[in-house]
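> Feature list, courtesy of TrEMBL:
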- B:20-40: transmembrane segment (TRANSMEM)
- B:52-70: transmembrane segment (TRANSMEM)
- B:77-98: transmembrane segment (TRANSMEM)
- B:104-125: transmembrane segment (TRANSMEM)
- B:137-156: transmembrane segment (TRANSMEM)
- B:182-200: transmembrane segment (TRANSMEM)
- B:231-249: transmembrane segment (TRANSMEM)
- B:261-278: transmembrane segment (TRANSMEM)
- B:285-302: transmembrane segment (TRANSMEM)
- B:308-327: transmembrane segment (TRANSMEM)
Ligand SMILES: Nc1ncnc2c1ncn2[C@@H]1O[C@H](COP(=O)(O)OP(=O)(O)OP(=O)(O)O)[C@@H](O)[C@H]1O
Ligand SMILES: [Mg+2]
């Protein structure tokens with residue numbers, strides 16, 4: 001539906017002069033927002049700008065401090081706890097919200113189970129789940145437990161659940177943060193199908209190209225203020241970014257400084273076999289940024305976890321600075337100067353129910369001991385340093401990490417990892433859920449670390465990131481290295497070809513281990 | 001949006017909230033003391049206060065250990081029967097030693113040493129089974145609970161194991177004598193409480209327990225040796241049980257199948273009343289001490305007054321436990337709401 005038609009249609013959901021404060025801290029200031037049936041309306045803004053808060057208010061999860069919500073022409077107070085679903089407003093949260101022990105089918109129909117004579121009709125639910133998942137091209141068994149799924153599959157299950165809900169307004173908070181290109185494409189197809197049926201879609205993403213591709217309309221928030229609501233046809237990714245951060249954003253990626261050809265090899269992996277990894281060999285040089293590209297589930301995380309000792313390798317050798325090593329747990333790899341930053345910040349990376357300080361120092365508590373006892377001052381200083389270095393923004397120092405905006409959680413996790421002062425850093429999806437301004441900061445930090453002589457492996461599903469950052473890119477597919485790209489070869493089309501299995505380096509394996 | 005580096009601004013609200021939480025059990029205890037005194041002024045007589053403190057030492061010492069187990073996300077149901085078992089074995093060993101070489105201080109010390117070893121060993125078994133055999137703590141300790149209880153019954157042949165008279169005379173002072181007018185059991189309690197508090201709040205071990213209890217995955221990814229830390233919490237618990245037993249045995253000089261019955265529940269109740277979360281991740285040793293005092297004070301007040309039958313002790317304790325936890329959750333929410341206004 002075009003904007004011209006849209007303006008004549010009445011809006012289905014609108015927010016008027018919405019303000020919201022948590023405690024004394026205001027988070028939203030008199031924000032207006034509205035959406036018409038059949039429209040995709042994107043909300044963008046820096047981390048902590050208040051996007052998630054706004055859509056929580058639009059779906060009743062949070063109540064506004066002041067302002068009104070109009071749904072279907074009537075001023076309403078939306079019921080809390082997701083009950084607005086019954087009214088047709090369905091929200092997919094930024095963080096996954098699935099019960100780990102339920103099956104996929106259970107999760108999709110949670111709260112509106114199909115019944116026959118008062119009993120659950122398991123077969124019907126299974127069949128319908130399979131149908132929905134199929135339409136999303138997701139290959140998971142409706143009987144699989146959620147806990148066994150990858151993060152991406154979990155996200156797809158959330159989407160399937162939302163799509164099955166007969167929504168009139170579908171709100172998605174960074175649904176693509178954990179998805180790869182292919183999955184994102186299918187999601188977009190489904191969104192277009194829904195909008196054609198008149199469903200209104202509110203979409204939050206930090207990926208500006210996605211917004212250009214999908215949305216008709218963009219609302220920009222900065223520090224809780226409404227900056228503008230504009231049609232996407234007049235915009236370029238650059239101009240959106242500029243509105244978001246309030247300054248010109250040049251050089252998202254820092255210039256690349258290739259490491260010396262004779263730089264020593266700091267990490268060497270030969271014939272690694274581990275759960276999800278079938279025979280992987282590669283080298284990492286000092287000062288090098290090595291990208292790991294590939295589809296989600298191609299085994300990149302599995303390689304990292306096997307190297308640092310989170311999973312047990314069944315064959316292969318890992319050597320650090322020429323010394324053969326076998327890390328049996330994370331503590332050993334950290335001590336050896338090798339740190340891994342997980343991509344699952346909520347489930348593996350951070351303790352959500354405690355504050356920033358215990359999270360930051362958890363990995364390196366030994367550094368904060370004085371005569372065997374914890375030294376609170378030294379921990380406090382570490383937090384102040386990390387806050388400055390990584391620009392972590394929290395309401396105040398005592399908030400629980402679960403209350404931070406997603407991007408700030410990510411920055412805290414980066415801070416936690418860097419506390420170990422590693423020589424080799426493996427970053428798994430380092431900018432997931434991070435705004436462009438902060439991304440730029442992180443890219444420059446990564447480049448600076450490499451220039452200092454640290455070696456960095458960046459695992460990323462964001463192709464642009466790998467291309468913009470890495471000196472060399474390894475592409476994985478089905479637990480194996482499918483290919484290696486260097487210098488000018490590092491382009492999107494080549495990476496895709498290897499990742500999808502259209503091209504393979506099989507015949508010159510030695511190049512990979514060069 | 002402000003950057004975090006202004007912790008001064010954050011402090012007042014945080015201090016206030018923490019105070020509410022810490023103060024909850026303390027306020028309850030103070031109210032209970034006032035109530036006890038108004039019902040019967042004897043309640044605050046020196047003899048009675050010493051009595052309450054001594055009685056609460058058993059549960060209190062065990063509960064300090066339980067605080068660590070629960071904070072790290074575990075549970076130990078076996079402590080009551082473990083105490084009976086250790087008491088029984090200790091008495092058998094000491095009687096045997098008296099037969100072999102006569103009663104002396106050495107006999108008693110030997111018995112105490114064996115008790116410590118048994119406690120550590122029993123704790124290690126619980127820890128090993130939960131971490132290495134990957135059986136839920138609830139199941140493991142339910143199992144060991146049954147095993148220890150039945151072993152004691154078997155050793156005592158269904159009756160009572162009594163410590164030989166001369167050994168008992170030497171051992172007696174450990175329960176009945178005082179130093180600086182404070183009975184020895186209370187000294188042990190104070191000592192365990194201080195060590196426990198430091199361990200929980202000032203060492204990496206305490207922090208690790210908290211991390212494991214809130215999210216084991218995060219702990220593992222943060223280079224914490226999860227199995228080792230968890231096993232240590234059970235060993236610590238075993239050690240606390242054996243300390244409690246060491247001061248308990250001289251009281252009656254005997255052990256039977258009825259020794260330590262329901263101690264596990266009282267210990268857990270003390271921990272929870274004190275503000276530690278049963279699901280793990282948040283532990284307060286100070287609160288546990290207060291919890292143990294509250295439980296003992298209730299029984300004591302019922303003893304001193306005629307209003308409610310002493311037989312209803314358990315019922316009153318039950319009400320207090322539920323009410324205490326309800327109030328904590330309530331103040332938790334109120335604290336958050338206050339911050340949200
Ligand atoms: N329940 C809460 N209690 C206290 N503060 C909160 C709460 N929820 C959000 N905030 C604060 O409100 C601000 C806005 O957060 P919000 O999650 O809306 O940001 P966002 O724009 O979605 O950011 P991101 O891109 O990182 O997801 C943040 O500073 C956050 O710390
Ligand atoms: Mg958000």
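Backbone N, Cα and C atoms are what each Cβ position is placed from, and that goes for glycine too.
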> Under 8 Å for C-beta pairs, could you tell me which stretch among B:52-70, B:261-278, B:285-302 has the largest tally with the transmembrane segment (B:231-249)?
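Stretch with maximum Cβ contacts: B:52-70.
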> With a Cβ cut-off under 8 Å, give me the same-chain residues at least six positions beyond the ends of the transmembrane segment (B:285-302) that come close to it.
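Residues packing against the transmembrane segment (B:285-302) from afar: 22, 25-26, 28-29, 32-33, 35-36, 39-40, 43, 48, 51-53, 55-56, 59-60, 63-64, 66-67, 189, 193, 196-197, 199-201, 266, 269-276, 308-310, 312-313, 316-317, 320, 324.
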> At a threshold of under 8 Å on Cβ distances, which of B:20-40, B:52-70, B:77-98, B:104-125, B:182-200 pairs most often with the transmembrane segment (B:137-156)?
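Against the transmembrane segment (B:137-156), the leading stretch is B:77-98.
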> Please tell me whether the transmembrane segment (B:77-98) and the transmembrane segment (B:308-327) touch - that is, whether there are at least 3 C-beta pairs under 8 Å between them, with each pair 6 or more apart in sequence.
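With fewer than 3 qualifying Cβ pairs, these stretches do not touch.
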> Counting Cβ pairs under 8 Å that sit 6 or more residues apart, are there three or more between the transmembrane segment (B:308-327) and the transmembrane segment (B:104-125)?
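Between the transmembrane segment (B:104-125) and the transmembrane segment (B:308-327), which are separate recorded stretches, there is no contact, as judged by 3 or more close Cβ pairs.
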